[in-house]
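Peer 1: The structure follows.
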Amino acid sequence: MAINSSDKWTVIAICLILGILLAFILMFWLERFRVIIKSNAHKHDPSDKRQIWLEKYYLFVRQIYTYLVTHKVILTLIAVPVVFAISIPFIGMQTPASSHGKQTTQVSTGNWSKNAVAARLGFLACGLYVTSYFFSIKNNPFALLLISSHEKMNYVHRRLSQYAIMIGAIHGFAYIGLAAQGKRALLTARVTIIGYVILGLMVIMIVSSLPFFRRRFYEWFFVLHHMCSIGFLITIWLHHRRCVVYMKVCVAVYVFDRGCRMLRSFLNRSKFDVVLVEDDLIYMKGPRPKKSFFGLPWGAGNHMYINIPSLSYWQIHPFTIASVPSDDFIELFVAVRAGFTKRLAKKVSSKSLSDVSDINISDEKIEKNGDVGIEVMERHSLSQEDLVFESSAAKVSVLMDGPYGPVSNPYKDYSYLFLFAGGVGVSYILPIILDTIKKQSRTVHITFVWSARSSALLNIVHKSLCEAVRYTEMNINIFCHLTNSYPVEEVSSLNSQSARNYSLQYLNGRPDVNDYFKDFLHATGTQTAALASCGSDKLLRHLKSCVNTHSPSTVDLYQHYEEI
């Protein structure tokens, strides 16, 4: 069914949303070129610290924009009334004008009757739902153009979904009110009953999407979210014949995205070594994804969706890749929490050695597990560290979908980098450091602050950090804080070191973010700088507060935050 003239306002609304995003992409690339030019100039002439008045005004405006983007609640409070104000013109409806009760070919400028407005609200909600559906897919072209992850498009997806639900709810209650006033039979009509089902799906979607529910019961959120999405497709399709064309677009987008993801997953089925390092930490290592037509470029800081059939065929979970694109393998640091990760830890733990001393040095034993896809390899190594890893390594069949995220490392275009991580958040920051060092970059100085309570995790990353600082002329300062009950001095393998251009220090206690960031700002001056952080919500909120407190209005600082 083709879209006719009465759908034009909905189509205009969709085009307006996409047009705004395209304009944003254009501004993003202009900003990227500005950063590259300025960073190149600083690399060739470090003494030049001039900042013209036009740049100061631009950076002041960008600082306001950055504050809003990094504080989503405030941005949403501003966006909601603006969106509804813009939506008012789109709920008018052009209808044939009447002359003495007879329709003529003349078209009236608009019909603002209750029935017409209620109908327009329904079509507008339908159009917003289509746009929201587009921003929910993993293979999102806008994310690639913004050198970002599809997860950053989730903000657009969530806000559009909320607007669609609110406008759709107003549409539904408006028709219920109109039916109650004059046409009570409409309250039990087929179209209204389907509307009741849509309303029920809205309630389930809203409750399951609340941050508390999503974080605490992610697996339930995942199932309910997908079931409700499919339910919306079916019920809106059946609700009104004029909605069918919009739902066909959603189905096409869904089939394309799911088809690409399923194909990649089956092409990238492989065996991973899985080790339970500590009760709350899992280390995974496996071959890098195969290159194919449906494969995506791999950039530093990307993440991967994995499925372990021996645990569940229906659950996929995202994990950040701790290795760099130049490696022929991928590494994952997995924090053990409830649900999938806890079951994986239990599975691996049940297959590890019960008594390491019973292993024969000359023998290698492979124990087959009853579940398909899991082998346990037990072998003796010379060092205690290797013994723990090798003897406990379980071979697990994994389906990989990805990588997803930026196709290149945007941080290497900035002169100064401030990187901050908490716990397994290092899996996002470490590849950025290694990639910036290994590839040609415009960066001259890196400050990396990491807080972790796991000495085992510090040990795993220690070798990579040592390699990073030894083979570059770049100025690098790395501060690793052990926040456990015992001091870092008791971990003999963690030794601080320094040279002319680098410093790697292991310290006790929580880091003082304010001091580190103020020192970084002092070193940065007027040059291009970028901040990247990955950690818990509490850690990120503390860092944002620190940045807002100490950053001058004209600081040339790009900010990016990843929550784990």
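Cβ atoms are placed via backbone N, Cα and C, with glycine included.
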Peer 1: If you check Swiss-Prot, which of Ser354, Ser383, Ser492 turns up marked as phosphoserine?
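Peer 2: Looking at Swiss-Prot, the phosphoserine feature maps to Ser383.
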Peer 1: Which of these ranges is annotated transmembrane segment in Swiss-Prot: 117-137, 222-242?
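Peer 2: It is 117-137 that Swiss-Prot describes as transmembrane segment.
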Peer 1: According to Swiss-Prot, one residue in Ser352, Ser362, Ser441, Ser553 is annotated as phosphoserine; name it.
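Peer 2: With Swiss-Prot as the source, phosphoserine is noted for Ser362.
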Peer 1: What's the number of neighbouring CB atoms sitting within 10 A of the CB on His239 (heme 2 binding site)?
Peer 2: 23
Peer 1: Under a three-state reading of DSSP, tell me whether Asn268 (N-linked glycosylation site) is helix, strand or coil.
Peer 2: coil
Peer 1: Specify the secondary structure state of His171 (heme 2 binding site) as given by DSSP, simplified to three classes.
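Peer 2: For His171 (heme 2 binding site) - judged by DSSP and reduced to three states - the answer is helix.
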